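Working notes, beginning with the structure itself.
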Amino acid sequence: MATRVTFIGAGNMAGAIIGGMIEKGFSPDAITATSPSDEFLAPLRERLGIATGTDNNAAIEQADVVVLAVKPQIMHDVCSDLREAVQRRRPLIISVAAGLPAETIDRWLGGKLPVVRCMPNTPSLVGAGASGLYASPAVDDAQRKLATELMEAVGLVEWVEDEALLDAVTAVSGSAPAYFFLMFEAMEEAGVALGLPADTARRLAMQTAYGAASMAMQSDRGPAELKRNVMSPGGTTERAIQSMEDAGMRRIVQDAMKACAARAAEMAEELGKR
Ligand SMILES: NC(=O)C1=CN([C@@H]2O[C@H](COP(=O)(O)OP(=O)(O)OC[C@H]3O[C@@H](n4cnc5c(N)ncnc54)[C@H](O)[C@@H]3O)[C@@H](O)[C@H]2O)C=CC1
Ligand SMILES: O=C(O)[C@@H]1CCC=N1
């Protein structure tokens with residue numbers, strides 16, 4: 001029998017993982033998602049054919065895996081409400097919430113549960129996600145394998161043995177699609193300022209990012225060498241890269257990522273007190 005997975009929360013992240021799972025051949029019959037209103041559920045039900053519901057407790061009655069995909073700020077209330085049903089069924093818990101430690105989730109759910117903390121990202125929707133995973137001590141090998149299988153269906157999986165490193169994963173991949181989308185915005189705006197139609201600039205920028213990522217992933221050369229190969233001495237790229245370095249591009253990226261990881265740690269501090 002297929003592993004039954006229930007998503008508590010049906011927003012951007014749950015939708016991306018569910019969409020990616022179905023694309024990879026997971027049966028929609030084995031997937032359920034919940035949300036307090038039908039607004040988020042109708043598209044998932046109609047487009048992907050999964051089961052949906054507004055009652056979290058009812059939705060986990062048959063679940064082998066429960067993916068907690070609500071905002072960190074409401075996780076305490078959601079977990080408290082699920083405590084009895086979860087303790088009765090004892091499914092594998094996978095939390096995708098930023099910041100919240102596995103121990104906190106476990107405590108809110110009544111304790112002694114196998115909890116995997118996962119930091120995914122939204123490109124999971126197209127099977128190109130990147131997830132960092134951490135297993136709490138109660139997770140056994142079979143459950144680790146199950147979490148790997150689920151998240152590998154939507155992209156790359158990297159396990160960390162030190163939970164604190166998930167804050168770094170949040171900075172490097174969880175939040176990072178947004179950095180690249182910002183770059184696309186800036187490149188499109190600059191392309192338009194240089195005279196290109198907006199849609200042409202957008203397509204060229206996105207294809208170039210896709211090409212650069214694909215090339216870097218297939219190459220045994222590091223990014224510094226690949227960058228050098230584009231830079232003809234005295235040419236155009238050299239001028240562009242010099243302009244970026246002069247403007248402090250590296251420091252801007254590093255500061256943003258430090259701020260991201262620090263915010264994840266701060267959220268654990270703020271929310272974990274409950
Ligand atoms: N959006 C992203 O790129 C990423 C998000 N995350 C994490 O994923 C989690 C969800 O984030 P998003 O999907 O972006 O948020 P979202 O706002 O798009 O989705 C949240 C969902 O929770 C539902 N919800 C609210 N109260 C509920 C309740 N009592 N019971 C069941 N469902 C309820 C909402 O209706 C909505 O469907 C967060 O904890 C976030 O830290 C992690 C990695 C990346
Ligand atoms: O911005 C956030 O808090 C969530 C976690 C990682 C990506 N989105």
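The backbone N, Cα and C atoms fix where each Cβ goes, and this holds for glycine too.
TrEMBL labels come from automatic prediction, so no person has curated them.
Predicted, not measured: the structure shown is a model, and the values here were computed from it.
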Co-listed NADP(+)-binding residue [TrEMBL; alongside ILE8, GLY9, ALA10, GLY11, ASN12, MET13, ALA69, VAL70, LYS71, PRO72] among SER35, SER37, SER95: SER35
Listed in sequence order, residues with CB under 8 A of SER35 (NADP(+) binding site) and six or more positions away: GLY9, ALA10, GLY11, LEU41, THR52, THR54
Nearest of the binding-site residues (ILE8, VAL70, PRO72) to ASN56 (NADPH binding site), judged by Cα-Cα distance: ILE8
Which of ASN12, ASN56, all binding-site residues, has a Cβ with the fewest other Cβ atoms inside 10 Å: ASN12
